[in-house]
Structures are given as C-alpha cells and as structure tokens.
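Working notes for the structure below.
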C-alpha cells in the first residue's frame with residue numbers, strides 16, 4: 001500500500017462515483033428521448049473532461065481526473081477491462097448459425113455494404129490529406145478510414161430491430177446476418193491495419209497477420225468445440241451461475257492476453273471468444289444476463305465516459321472534417337447496402353430499411369477510433385469527427401427504418417401509465433362506478449371525462465373485461481387521446497368484474513387508446529396480462545401507495561417482458 | 001496511454017485471468033467438499049503469491065504479480081473496489097426490521113457474545129506481548145484484537161442457516177438479529193480503533209469519532225429515508241435494472257468517498273449505504289441479484305486472492321499464535337453466546353446451536369485483518385493467525401450446528417442425480433417397463449436391481465406417480481442405498497403414467513431414498529416438480545443427450561429454487 005496515499009483512495013471513490021453516476025444519468029436522459037444511451041455516456045465524459053470541467057475549474061478537474069499517476073493508470077486499466085468485456089458480450093451476440101442460414105444474402109449484402117464505403121474512406125485520405133493524413137503512414141491511415149466507414153454496429157442494429165419487432169422476420173435475420181459478416185471481416189481487417197501501424201521495422205508484419213488468421217480459425221473451430229463441450233460440464237459441477245461466469249470471464253481474459261501476445265489489441269481476443277461461445281445451447285440465458293447487466297450498465301459507461309475525458313471535443317471540432325465524413329460515410333454505406341439488397345431481390349421498401357439499418361455505426365466504430373487514436377493512426381480532429389459520425393448514424397437509423405417500413409415502436413405500459421393516473425383506494429363494487437372513479441383521477445376536462453366514462457362503460461356492458469387472478473382491463477378506443485393512456489386503480493376488497501377465477505378484480509387497468517393506433521390496445525392488454533399473471537404479482541402491486549410505486553413496477557415488468565422475446 | 005506499455009497490458013490480462021480462474025476453481029473445489037469457497041479463493045492467492053509461485057519461479061511471479069508499478073497499483077485499486085462493493089452487498093443483507101422485531105434477545109445475545117471475546121482479545125495482547133504486540137501502539141493493537149474476536153460474520157451465518165432451513169424459524173431470526181447487532185457495533189468500534197491508529201498527533205481523534213457517529217446516524221435516519229424515496233422514482237423513470245444499479249453503485253462509492261474524507265476506511269461508507277438500502281421494499285429482488293452475482297462471483301474472489309499475494313503464509317505461520325488465537329477466540333465467543341442465549345431462556349440445544357453459529361467469523365474478520373495489517377496495527381504473523389481463525393470457525397460452524405440441532409442439509413437434486421443414471425431413449429409404453437429400463441441404467445449388481453425394480457413397481461401400482469405437464473416420479477424407500485439416488489429417463493413419445501393433463505410422461509425421474517432419511521423423498525419430489533413445472537422446461541430437458549447435460553440443468557435449477565426462499 002506504500003504507493004497509494006489516503007488522498008488518492010478518497011479521490012478514486014469520488015471520481016469513479018462521478019463517472020458512473022453522470023454517465024448513467026445522461027445515458028438515461030438520452031434513452032428517454034429515444035436516443036442511444038452511449039450518446040449521454042460520452043457527453044458525461046465531455047462534461048467531466050477537458051472540454052467543460054477543466055475549462056471551469058482546471059485545478060479541481062486535474063485533481064479528480066489526473067492525466068498521469070496511479071489514478072490515471074487505474075482508470076486506463078479499468079476502461080480497458082470494460083471494453084474487453086463489452087466486446088465479449090458483443091461477440092456473444094454474434095449467432096454463427098444465423099450467418100450460416102442466410103449465407104447468400106449475408107455475403108452479398110455484407111460485401112457490397114463494405115466495399116463501397118471502404119473505397120470511399122480510402123479515397124478520403126488521399127483526396128483531403130490536409131484534414132485526414134497524420135503524415136506518419138498515409139497508407140495505414142487510409143486503410144483505417146476505409147475500415148472505419150465499412151464497419152456496422154451489430155449491437156445497435158440488434159436493438160433497433162428488437163424495438164421494431166423485426167428481429168425474427170426474414171428482413172431482420174438478413175440484416176443481422178449481413179451485420180455479422182461485416183463485423184467479423186471488418187475487425188479482421190482492422191487487426192491487420194493495426195499491426196501494420198505498430199510495426200516499425202519497415203517490413204510487412206507477416207508474423208502478426210498469420211498469427212491473427214491462425215488464432216481466429218483455431219478459435220472458431222477447435223476452440224469453439226472445446227468451449228461448447230466444457231460449458232455443460234462446468235454448469236453441472238460448479239455453483240450456478242458463478243461457475244460458468246468465472247469460466248467465461250477467465251476465458252475471455254486469457255484470449256485477450258493471447259491476442260496482445262500475437263500483437264493485436266486484446267479486444268479481438270475477447271470478441272472471438274464471445275463468438276465461439278455465442279451459440280452454446282447450454283449457456284443458460286440467465287447466466288448471460290448476469291454478466292451482461294453489470295458489464296453493459298456499469299463497466300461500459302465508465303469506458304465511454306473516459307473517452308470524453310481524453311479529448312477536447314470543442315477545440316478539435318472541425319466542421320469540414322465532420323461534414324465530409326458524415327456525407328461520404330453515410331452515402332457510400334447506404335448506397336452499398338441498397339444495391340446489395342436489390343441484388344438479392346428485396347423489395348424497394350425493405351432495401352431502404354436494410355440500408356438505413358446497416359448505416360448504424362454506434363459503439364463499434366467508437367471503439368475502433370479510440371484504438372486508432374491511441375496507436376497514432378488518426379489525430380484528435382478525425383477522432384472527434386468519427387465519434388460524431390458514429391453517434392449521428394446510430395441516432396437516425398431507427399427513425400429512418402421506421403419510416404421506410406411504416407413501422408411503429410412497441411407500446412410500453414410504463415409510458416402509457418405516465419400519461420395516466422393512479423387511484424389507490426377504490427371502494428365501489430360495480431364496474432361502472434369503478435370506471436368512473438378511475439377516469440375522474442385523470443386530469444381532463446369534465447366533458448371529455450363524461451364521454452370517456454360513457455364509452456368505457458358501454459364496452460364493459462358488452463362483455464366483462466375481467467381476466468384471471470384478479471385483473472380487469474376495461475378499455476375503449478377514442479379520438480379524445482392522441483397517445484395510449486393507462487390508468488390503474490387498486491381495489492382492496494375486489495370489484496365485481498366477473499374475473500375468470502373468483503370473480504373479483506383487485507387491479508383495474510383502464511386502457512384508453514387513440515383510434516388511429518389500433519394495435520396499441522391489444523399490446524397493452526397482453527402486456528398487463530403478462531405483468532400481472534400470478535397471484536404474487538397482483539399482491540405486490542396492491543401494496544402500491546402512489547403513482548411512482550406503480551410506475552416502478554410497470555417499468556421493470558416492461559423490460560423483463562421485452563427480454564422474453 | 002504513454003504510461004502503460006504494451007507488455008503491461010498483456011500481463012494485466014494474463015494475471016487477472018489467473019487470479020479469477022484459479023480463485024474460482026479452488027473456490028468451487030472447496031464448495032464441493034462442503035467448505036466455504038473463500039477458503040479456496042485465498043488458497044489460490046497463496047499459490048500465486050510469495051508462498052508458492054515465487055518460491056518455484058521467482059522471476060515469472062514478479063513479472064505477473066509485481067509488487068510495485070502500474071499493475072500493482074491497479075490491482076490494489078481493483079481489490080479495494082471489490083471489497084467496497086462486497087461490503088455494500090453485506091450491508092444490504094442487514095435487515096433492520098428483523099433487528100427491531102427481535103430487539104431484546106438480539107441485544108442480550110449480541111452484547112454477551114461480544115463482551116466476553118472482546119475481553120479475551122484485549123487480554124491476549126498484554127498477556128503475550130512478544131507474539132501480539134507490534135510495539136507501536138499497544139492499546140490500539142489490543143483494541144483491534146478485542147474487536148476482531150468480538151465480530152461475527154453475518155454472510156456466513158446467513159448461508160449456514162439457509163442451508164439448514166432455519167432462516168425463518170425463531171432460532172434463525174434470533175441468530176441473525178444478534179449477528180446484525182454484532183456487525184453494526186463491531187464495525188463502529190473498529191472504525192474508531194482505526195482512527196486511533198492513523199492519528200499521529202498524539203491526541204485523541206475526537207473529530208473523526210464524532211464524524212463517524214454523526215455520519216452513521218445521519219445515514220440510517222435521514223439518508224435512509226431519502227434513499228428509500230428515491231429508489232422507486234429511479235425504477236419508474238430509468239431503464240431497468242440499469243437505473244437502480246447505477247444509483248446504488250454511485251451511492252455506495254460516494255459514501256465510501258465520504259467515509260475516507262471523514263478519516264475511516266471507505267468500506268464503512270458502502271456498508272452503511274447498503275444497510276440503509278437493505279430493506280427497501282422497492283428494490284426488486286432481481287436488481288439485487290444482478291449486482292450480487294457479479295460482485296460475489298467475480299470481484300470478491302479477486303480481492304481474496306490478492307490477500308494470498310500479499311503475505312507469505314509459510315514463513316509467517318506461527319503455531320503458537322494460531323493455537324492460542326483459535327482457543328481464546330472460539331472459547332470466549334462460544335461461552336459469551338451460550339450464556340446470552342441461556343439468559344434469554346433458549347433451550348440447551350438451541351443455545352449450543354446459536355453459540356456455534358455466532359462463532360463463524362468468515363469474510364468479515366479477514367477484511368478487518370487486512371485493513372489492520374495495512375494500517376500497521378498487526379504484523380504478518382498475527383494476520384496469518386487471524387485468517388486461519390476466520391477460516392477454521394467458518395468451516396466448522398455449520399457442521400457443529402447440524403449436530404446440535406440434529407438437522408440435515410437440504411437434499412439436492414443435482415447431487416442425488418450425480419449418484420444416479422441418465423437414460424436418453426426410453427421407448428416402452430408401460431410404467432413397469434420404463435422403470436425397469438431406468439433401473440438397469442444404474443451401476444448395481446443384478447439382485448439389487450431386481451429388488452429395486454420390484455419395490456418401485458409395487459409402489460407405482462398402488463397409485464400412479466404421474467404429475468403435471470409430463471413428469472412422472474416413481475419412487476421407493478429402501479435400505480439398499482445409503483444416500484438419495486435420482487435416475488432420470490427421457491421418453492420422446494411419452495409413457496403411460498396417467499399424468500394429470502394429457503396422461504403421457506416424457507421425463508421419468510426415479511427417486512430412491514434410504515429408509516433412515518424419510519424427508520429426502522418428499523424434498524426431491526417437490527424439487528423436481530418445481531424444476532419441471534412448465535412445458536418449456538420439460539421440452540428443454542428433453543433435448544438432453546447425456547448425463548452431463550441433465551446434470552447441468554438440475555444444478556442450475558437447484559440453485560435457482562434455493563433463492564426463492
């Protein structure tokens with residue numbers, strides 16, 4: 001302990017708390033407005049880093065986030081660990097079986113969506129040497145820009161497809177397969193680019209390249225077989241989920257070490273280990289969850305926040321570089337993907353959707369850029385431009401896909417409830433009274449309330465909306481609301497809703513949906529039926545005292561039910 | 001990145017992989033033979049540290065686990081983070097409501113089980129100054145030894161009580177409450193001892209002590225109220241479980257920072273934050289799980305392994321110190337607890353059980369000791385002796401409680417199945433045939449097999465053992481086996497077991513239990529009914545090709561169902 005002072009320990013706790021706290025808060029704020037949380041996480045780092053915090057209070061900033069010494073080193077290592085484990089998770093999302101099944105379209109779209117932006121990125125460096133060339137090794141920089149524009153972001157694409165309920169459709173599987181193809185080849189090329197950069201002997205780094213290829217092939221053949229054979233054994237004989245978690249993390253770290261030994265960045269190792277592991281039928285879904293939550297909600301935000309700590313995003317913001325990169329990056333990627341999709345005889349609508357989807361760069365490109373920055377392949381200005389390209393394409397992809405396919409996002413019970421009301425103490429027995437009591441809890445003018453009450457009661461008289469276990473879902477469609485509204489009331493003794501089992505409803509969930517959104521009603525009914533499907537869940541919900549309590553339950557339940565798909 | 005070399009990054013991955021991997025493997029091995037996994041985790045560190053590895057290959061050991069420089073510093077910080085978060089989890093286990101309910105016995109047993117060993121530990125230092133005194137501040141060392149012997153280990157005790165199914169009995173709640181009392185006061189005293197040690201002005205550190213008390217009281221009153229009010233709001237508006245996880249970790253780190261600022265170790269802060277958070281009815285059980293798994297299965301083992309890295313357990317092993325500490329520590333603790341329990345009019349049997357339980361020191365004492373070692377309160381020899389005391393008492397407590405109460409551990413489906421067999425391709429329709437096929441899969445001599453078949457078929461003819469969803473549980477009690485045996489067969493088309501719903505059994509689980517263990521039969525039947533309670537689970541189990549596959553499923557299911565209690 002001699003090397004670490006008491007002061008440093010205190011600062012360590014505070015700065016880590018600041019990083020995690022601010023990154024999470026900003027990340028959540030971005031998510032709330034429908035943007036990727038990584039945007040907020042990087043913003044948190046920008047605020048804590050040289051761009052803002054050091055500008056306002058340079059001394060305090062230098063104390064909390066020093067740029068050398070033990071704390072600096074520790075944060076570097078923790079950031080590296082975070083990104084290594086993030087790539088493990090990203091690798092686990094790669095489904096080799098899916099790639100095999102859709103081999104043809106995946107290869108065609110994969111290649112065409114890579115080749116065009118690859119050429120574009122390569123050309124950029126030679127066309128605008130003043131902006132892009134670092135003057136060190138022009139060829140390497142050009143190859144990097146080519147790869148950076150060619151890559152897609154599997155995690156972002158997966159998330160978008162899940163949100164649009166496309167993940168299991170033909171279109172979804174094709175996009176995923178093409179993105180996997182993109183990822184695997186893109187990272188291989190990048191590994192080679194890096195080894196070209198770090199080699200100072202002047203010769204071509206044959207050894208490293210052969211090492212990469214041999215290690216990659218071994219890992220995905222023999223290695224994969226061994227891993228898949230070991231996992232059920234570990235799960236059978238070790239404690240669960242600790243045994244399998246330990247095995248996976250140890251394996252990922254060892255692979256990262258081997259990758260470094262070969263001469264490429266450790267993340268290639270953990271990524272490949274994740275791919276080899278990915279489609280193990282034995283890796284219980286829940287084991288994955290346990291690792292994923294901690295890594296993606298805690299460790300990864302630390303890494304992205306440290307990005308903002310490293311670079312001054314204001315002084316290195318070059319409007320020309322940003323615009324040219326955005327235009328060339330997006331146009332080449334979208335064009336390449338679109339012609340690939342048309343070649344596979346996809347419809348115009350689907351081809352556009354695929355092109356927008358493939359344009360999402362997200363996390364992957366940022367990781368690529370930070371490694372390139374640290375290796376001296378690009379400078380701070382290009383780094384900032386690449387980060388902006390990555391964020392901008394991730395932010396727009398989902399919305400553009402939605403428009404192309406005329407798709408809508410899934411309805412969320414928590415969001416609808418946010419627009420609604422909570423009534424804790426219903427006492428009347430008849431459904432009509434209960435419905436009235438709940439509607440009066442909504443902040444609406446009298447006439448609207450009266451109309452709503454009438455139409456919900458009319459619907460209820462047609463047939464009771466009582467479901468199993470004590471849940472009732474009176475509902476109506478009306479043009480009085482623009483978005484789905486969910487109002488929930490609790491009835492301790494139970495109202496007479498003719499529920500399947502004992503006839504008494506304890507949770508009464510009023511669902512009011514707009515006329516022009518017919519799907520939302522059914523979605524909300526089935527969400528609620530699944531959230532309150534057991535006696536325990538109903539009883540827990542009945543303990544709610546306030547709107548916040550109920551909101552908390554619905555929000556967690558929404559995310560749980562999303563995972564089941 | 002200038003300060004970190006490529007070489008160091010590679011070593012970082014390898015040494016972290018070694019630490020996690022070996023700690024997990026040894027931890028699992030200890031668990032297999034019924035010992036606490038922390039024993040194996042420390043052993044892993046001892047093997048990788050100065051005691052063994054440095055003795056065999058000093059250069060390689062110094063490269064992988066350097067004792068200064070960036071890597072050393074990083075592992076120090078990661079270890080500190082691990083233990084800070086472990087204490088958060090430990091704090092969350094403290095149930096203040098439970099303490100309130102059992103206030104009287106908890107206080108009596110709590111005080112008497114602390115005072116006696118406290119005096120014993122204090123006396124030790126003055127009676128054997130050559131062994132125990134560090135010659136720096138005798139009073140502080142004496143106070144530390146007093147506290148170290150007085151403390152109990154809530155996490156270990158909780159685990160033992162869960163295993164013996166005592167956690168919800170009166171006895172269990174009393175033990176837990178007394179241990180909580182012990183924990184809270186013990187750590188408060190230790191915080192004061194530490195501030196005495198670190199104060200070099202010679203005067204009494206009033207400021208720090210007042211700070212500790214004020215912070216503690218504030219945290220458990222106002223702080224607790226604020227935390228409990230914030231959690232449902234975070235869960236309502238942020239993504240789940242990432243929002244609440246981020247909130248909890250940020251809060252714990254901030255509290256640790258404040259504790260360091262007051263002048264005590266950061267773990268007090270995170271522990272108190274955990275206590276304040278502990279009984280939040282809103283913190284979804286699953287959110288806790290997500291944090292707990294990663295922290296206890298990955299981070300904590302790293303910390304315990306680093307303990308072995310710090311101290312040479314062979315050269316600092318002093319048989320006199322070990323024996324005297326074991327005797328004084330155990331005798332005073334057991335005596336103090338026993339008279340406290342008798343005073344509360346507990347039966348002799350229960351008083352003994354309580355005394356054995358309170359004697360478990362485990363993790364808590366080791367954490368205490370490592371902090372004391374680093375603060376210079378004790379030397380390496382006493383450190384080793386304290387670690388051995390902690391491990392030895394944890395290892396024996398469970399067994400001794402079992403004997404006092406004539407209790408048995410819960411039967412585990414996975415362990416019973418380990419003694420049994422797996423038959424993948426049953427084809428006969430009649431129960432008698434199916435039973436015969438499965439029994440023939442067991443490695444037993446012919447006569448025993450014939451006897452077993454006969455008695456299981458007799459039982460089956462009495463009444464069919466077909467349950468819901470396609471599970472059948474033919475069984476018998478016999479003196480032909482000494483321990484429960486579980487044999488499982490898969491029947492693709494389904495055998496005619498008169499199951500509740502469609503009459504066909506696909507999973508046939510044969511349960512053979514010894515005559516002198518009547519409870520195990522019912523336990524196994526209810527475990528299996530819960531493991532295979534849904535159509536999905538049955539179908540997943542039907543995919544099993546080998547005994548290992550089925551073993552993996554049962555092992556994970558056992559641990560999941562244990563958590564539900």
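Glycine too: its Cβ is placed from the backbone N, Cα and C atoms.
Taken from TrEMBL, the feature transmembrane segment covers A:6-26 (among others). If one looks beyond the transmembrane segment (A:6-26) by at least 6 residues along the same chain, the residues whose Cβ comes under 8 Å of a Cβ in the stretch are 39-41, 43-45, 47-48, 63-65, 70-71, 74-75, 297-298, 301-302, 304-306.
Taken from TrEMBL, the feature transmembrane segment applies to A:38-57 (among others).
Taken from TrEMBL, the feature transmembrane segment applies to A:77-96 (among others).
According to TrEMBL, the transmembrane segment annotation covers A:108-128 (among others).
Summarising the annotation, TrEMBL assigns transmembrane segment to A:140-161 (among others).
Only residues 6 or more beyond the boundaries of the transmembrane segment (A:173-197), in the same chain, are considered here, and those with a CB under 8 A from a CB of the stretch are 94-96, 98-99, 101-103, 105-107, 109-111, 113-114, 137, 139-140, 143-144, 147, 150-154, 157-158, 161, 166-167, 204-205, 208-209, 212-213, 216, 263-265, 268, 271, 275, 337, 340, 344, 346, 354, 357-358, 364, 368, 371-372, 375-377. According to TrEMBL, the transmembrane segment annotation covers A:173-197 (among others).
Marked as transmembrane segment by TrEMBL: A:209-231 (among others).
Per TrEMBL, transmembrane segment is recorded for A:262-282 (among others). Below 8 angstroms of C-beta separation, residues 80, 83-85, 87-97, 184, 187, 191, 194-195, 198, 205, 207-208, 211-212, 215-216, 219-220, 223-224, 227-228, 231-232, 235, 248, 251-256, 367, 371 of the same chain, each at least six residues beyond the ends of the transmembrane segment (A:262-282), sit close to that stretch.
Residues or ranges marked as transmembrane segment in TrEMBL: A:294-313 (among others).
Annotated transmembrane segment per TrEMBL: A:319-341 (among others), in sequence order.
The feature transmembrane segment is assigned by TrEMBL to A:353-375 (among others).
If you look up TrEMBL, you'll see A:381-401 (among others) marked as transmembrane segment. For the transmembrane segment (A:381-401), the list of distant contacts is 34-36, 38-39, 42, 131-132, 145, 148, 153, 156-157, 160, 163-164, 307, 311, 313, 316-318, 321-322, 325-326, 329-330, 333, 353, 356-357, 359-366, 368-370, 372-373, 407: same-chain residues at least six beyond its ends, Cβ to Cβ under 8 Å.
Summarising the annotation, TrEMBL assigns domain 'PTS EIIA type-2' to A:415-557.
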Folded-back contacts onto the transmembrane segment (A:353-375), same chain, C-beta under 8 angstroms, at least six residues removed: 36, 38, 42, 83, 86-87, 90, 109, 113, 144, 147-148, 151-157, 160-161, 171, 174-175, 178-179, 182-183, 186, 190, 194, 197-198, 265, 267, 304, 307, 310-311, 329-330, 333-335, 337-338, 341, 346, 383, 386-387, 389-391, 393-394, 396-398, 400-401, 404-405
Surrounding residues of the transmembrane segment (A:294-313) on its own chain - C-beta under 8 Å, 6+ positions past either end: 16, 19-20, 22-24, 27, 37-38, 41-51, 65, 75-76, 78-79, 81-83, 85-86, 88-89, 366, 370, 373, 380, 383-384, 387
The domain 'PTS EIIA type-2' (A:415-557): DSSP-derived helix, strand, coil residue counts: 68 helix, 35 strand, 40 coil
Beyond the flanks of the transmembrane segment (A:38-57) by at least 6 residues, Cβ under 8 Å: 18-19, 22-23, 25-31, 64-65, 300-301, 304-314, 362-363, 366, 387, 391, 394-395
Mean of the pLDDT scores, which run from 0 to 100, over the domain 'PTS EIIA type-2' (A:415-557): 86
